[in-house]
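Quick look at what TrEMBL annotates:
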type	residues	note
DOMAIN	1-27	domain 'PhoU'
DOMAIN	44-128	domain 'PhoU'
């Protein structure tokens with residue numbers, strides 16, 4: 001039906017953006033220094049949460065699982081909170097380790113990309129919900 005087609009088209013756009021951001025992360029993470037200092041902050045935990053969201057949103061689409069889609073939407077708060085932690089941690093680390101400041105800037109960019117990936121996964125889950133129920137809460141339809 002038309003609702004499924006329009007939802008799928010919207011999801012494709014979010015998936016493409018996720019791919020672009022993942023490529024940007026990969027390009028920045030190539031630097032050994034970034035990898036060496038990333039363990040000092042919550043980047044790994046944030047990446048795991050974002051990956052789980054992307055996987056969950058795609059699985060919810062494939063399985064037409066409304067509850068799984070709702071779980072993805074809820075879990076966006078986890079990624080958002082981790083991003084706030086990273087933002088809070090980096091200034092102090094940059095002061096303590098000024099010679100690596102440029103790499104800390106890369107890490108804040110990586111954290112922002114991960115936060116956006118979480119947002120796109122949430123969007124996909126919301127479109128899954130719309131395709132199943134006809135309601136898209138983010139659009140004000142309740």
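Using the three backbone atoms N, Cα and C, a Cβ is placed for every residue, glycine included.
TrEMBL does not curate its annotations; it predicts them automatically.
Residues 54, 58, 61, 109-110, 113-114, 116-117, 120-121, 123-124, 127-128, 130-131, 134 of the same chain sit 6 or more residues outside the domain 'PhoU' (1-27) yet have a Cβ under 8 Å from a Cβ within it. Look at the domain 'PhoU' (44-128): DSSP puts its residues at 82 helix, 0 strand, 3 coil.
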